[in-house]
Every structure is written in structure tokens, then in C-alpha cells.
Amino acid sequence: MSFSIKQSALTMDVSSSVVHRRSPSVRSSFSPSLNLQNNNNKRTLISVSKPLHVSSISSIESCFNKERKPVIHCKAYEDDKSPSAEAEAKSETAQRVKIGIYFATWWALNVVFNIYNKKVLNVYPFPWLTSTLSLACGSLMMLVSWATRIAEPPKIDIEFWKVLFPVAVAHTIGHVAATVSMSKVAVSFTHIIKSSEPAFSVLVSRFLLGESFPPAVYLSLLPIIGGCGLAALTELNFNMTGFMGAMISNLAFVFRNIFSKKGMKGTSVSGMNYYACLCMLSLVILTPFAIAVEGPHLWAAGWKEAVSLVGPQFIWWVAAQSIFYHLYNQVSYMSLDQISPLTFSIGNTMKRISVIVSSIIIFHTPVQPINALGAAIAILGTFLYSQAKA
């Protein structure tokens with residue numbers, strides 16, 4: 001909006017603003033109204049939704065000199081510095097693209113990890129050592145990142161580690177149990193059973209923490225439990241150790257999430273650094289148990305046999321599964337800083353679909369139609385749960 005005003009012996013009454021002198025022109029912000037008053041006590045009120053700027057004033061000193069009759073040329077226009085709808089739309093689009101990149105990276109890294117992890121376990125069936133190497137690799141990567149300032153080290157104290165300890169215990173149990181499961185059964189079957197994690201979450205929260213949920217949440221558990229049960233009963237290569245490993249992993253990760261939610265409130269540690277600390281503490285907890293359960297003698301004998309069967313590329317398999325395990329977990333924790341828990345839950349459901357489908361294709365896993373139906377029902381139930389929980 002633009003207009004011009006010519007008024008003899010004109011005085012200005014400006015609310016909540018100050019006119020600053022500039023040479024050769026003066027620019028000042030008027031918000032929300034501009035009052036113009038002449039000698040005849042006639043008052044003109046200019047009110048706009050946006051602030052007004054005076055772009056030029058001639059002889060401003062004479063405005064306050066009643067002996068002279070200056071002429072003021074005043075031009076005003078609306079301030080348009082507030083974010084426009086177009087800018088907000090662009091920002092929202094950029095955020096969606098960023099989240100999409102996070103999800104795509106998360107899923108891709110998870111698929112690669114599961115493939116190499118299963119390849120290693122097929123020829124080197126030592127899940128405790130494999131789990132330890134994954135945590136050791138991630139810890140080393142983050143220590144190097146902090147030392148070289150690629151990532152900013154977190155500012156933490158002893159209280160942080162005390163609060164993190166139960167989270168690390170649950171994370172360690174869940175990680176080892178899932179690896180044991182994948183060493184005994186197909187990757188697809190492990191992830192089908194792990195899709196029942198929401199059922200464990202609701203049961204633990206209800207009976208141990210006393211939380212209540214809407215009826216829709218309880219109803220969404222029916223397809224999850226029914227689908228997982230159908231998939232387990234029709235699994236061609238069913239193994240009880242593999243099945244129980246996946247179930248224990250579900251329960252452990254539920255407690256990990258509960259401990260993490262309760263203990264980490266108010267901390268300023270980023271998602272990436274939080275997972276790095278969790279990884280290091282889990283490594284300290286797991287290492288003595290891995291040595292006690294399997295031991296260096298079995299590891300050495302199994303390593304020689306695996307290298308003789310596969311060749312030097314076996315070393316790459318071990319390195320790849322360790323590196324990609326850390327990377328996919330790191331990206332998932334980083335994504336939690338950018339998205340809501342509901343969006344993360346939906347993304348986790350889609351991740352399981354990508355892992356199940358890709359592992360069936362790559363490893364040529366035989367799947368019966370009734371088994372595939374059970375998996376589809378379980379995953380659908382997981383999606384419905386995330387919607388009902390919202």
C-alpha cells in the first residue's frame with residue numbers, strides 16, 4: 001500500500017515509535033497506527049494490519065517550529081518482513097525432504113546390516129562375539145569422531161552414567177538376544193516376531209507401571225499377536241531358541257525405552273552422542289559375558305574355519321556388519337531429534353517391511369502363503385497400534 005499526504009502546519013502524533021533523523025532521508029517504523037493532527041484539531045487516523053514506514057520527510061526540524069509553514073511530503077508503505085505463506089511452505093517442504101532422507105538412510109543401513117550379519121552368522125555361529133564386535137566398532141568410531149572434533153563431545157558427569165546404566169543393561173540384552181535369534185532362524189522370521197514389540201510395551205506399561213490406554217490401543221494388539229502367532233506356526237524352519245531370542249529382545253527393548261524415557265529427561269545430550277555413550281557402556285557390560293559364554297578358543301577355531309570356507313572376504317563381512325550396525329542405530333537416534341515418536345514408530349514399521357522383503361529375496365527364504373499372511377497381519381497391527389497410540 002502506498003499513499004502521499006500534503007498538509008500545512010502539520011504535526012505528527014506517533015504511538016510507541018521514535019523518529020530518527022537520517023540524511024538525506026529518514027526511515028522509521030510505525031506500528032500499528034499513525035495519527036496526523038493539524039491546527040484545526042482535525043484528526044486523521046491511519047490504521048493498517050502491517051507496520052508503516054515513512055520513506056522520506058522534508059525539513060523535519062520545521063515540523064516543530066510553529067513560525068514556519070513547511071510542507072511535509074510523507075510516503076508510507078506496508079512492512080512485508082513477516083514470513084510469507086510461500087516461505088513457510090518452502091520450509092515445511094524442506095523439513096519433509098530432510099525426514100525422508102533420514103528414513104531412507106535408516107532403512108538402507110538397517111537392511112545392509114541384517115544381510116551382512118546373517119552372512120557372518122551362517123558361517124561363524126558366535127552371536128555373543130558378533131554382538132560385542134558391533135558395539136566395539138561403534139565405540140571406536142565415536143571416540144575417533146570426538147578426538148578429531150568431527151562430532152562435538154558431550155558434556156556429561158557421573159550422574160549421567162548412573163542413569164544410563166539400566167538403559168545399557170536392557171540394550172545389551174536386547175541386542176544379544178536378537179543376534180542369537182538371527183543365528184538360529186531366518187532374518188525375516190526374527191523381524192516378524194520383533195514386530196510384536198508394541199504388545200510387550202502395552203502389557204509392561206499397564207501391569208508394571210499402572211498406565212492405561214484407550215480401547216483402540218488394546219484392540220490393535222489383536223492383529224499383532226494373531227499375525228505373529230500365525231507366522232510362527234507356519235514357519236518352515238522354526239527354532240525355539242530363535243523364537244525365544246526374538247521375544248526376549250522385544251521385552252528388553254521395551255524396558256530400555258522405559259528407562260531411557262524416565263532417566264534422560266532434561267539432559268542436553270544429542271541423539272548421536274546419547275547412543276554413542278549407550279554403545280560404550282553396553283560394550284563394557286557385554287564383554288565379560290561374551291568371554292564366559294563362548295570364549296577365545298572357540299572364536300579362534302571358528303574364525304579359521306570361516307576364512308577357509310569363505311575366503312578373505314569374510315573379514316569384510318564382519319567389518320561391514322559391525323560398521324552398519326552402529327550407523328543405522330546412530331541415524332535412528334538422530335532422527336528422534338527431528339521427528340515425533342508417532343512418526344518414528346511408523347518409520348520403524350516400514351523398516352521391518354523393507355528388511356523382511358529384502359532378506360527373503362537375497363537369501364531365497366521359502367515362504368508359504370499362510371506365513372506371508374501372518375506377517376502382513378502383524379505388520380498391519382503394528383501400524384494400527386501407532387495410530388491408536390497417537
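Keep in mind that glycine also has a Cβ here, set from the backbone N, Cα and C atoms.
So that you can see what the record holds, here are the features copied from TrEMBL:
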| type | residues | note |
| --- | --- | --- |
| DOMAIN | 98-386 | domain 'Sugar phosphate transporter' |
| TRANSMEM | 99-116 | transmembrane segment |
| TRANSMEM | 128-148 | transmembrane segment |
| TRANSMEM | 160-180 | transmembrane segment |
| TRANSMEM | 216-234 | transmembrane segment |
| TRANSMEM | 271-293 | transmembrane segment |
| TRANSMEM | 313-329 | transmembrane segment |
| TRANSMEM | 369-386 | transmembrane segment |
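A Cβ distance under 8 Å defines the sequence-distant neighbours of the transmembrane segment (99-116), meaning residues of its chain 6+ beyond its ends; these are 182, 187, 191, 317, 320-321, 324-325, 327-328, 331-332, 334-335, 338-339, 343, 347, 350-351, 354-355, 358-359, 362.
Within the model, the domain 'Sugar phosphate transporter' (98-386) shows a mean pLDDT value of 90, rounded to a whole number.
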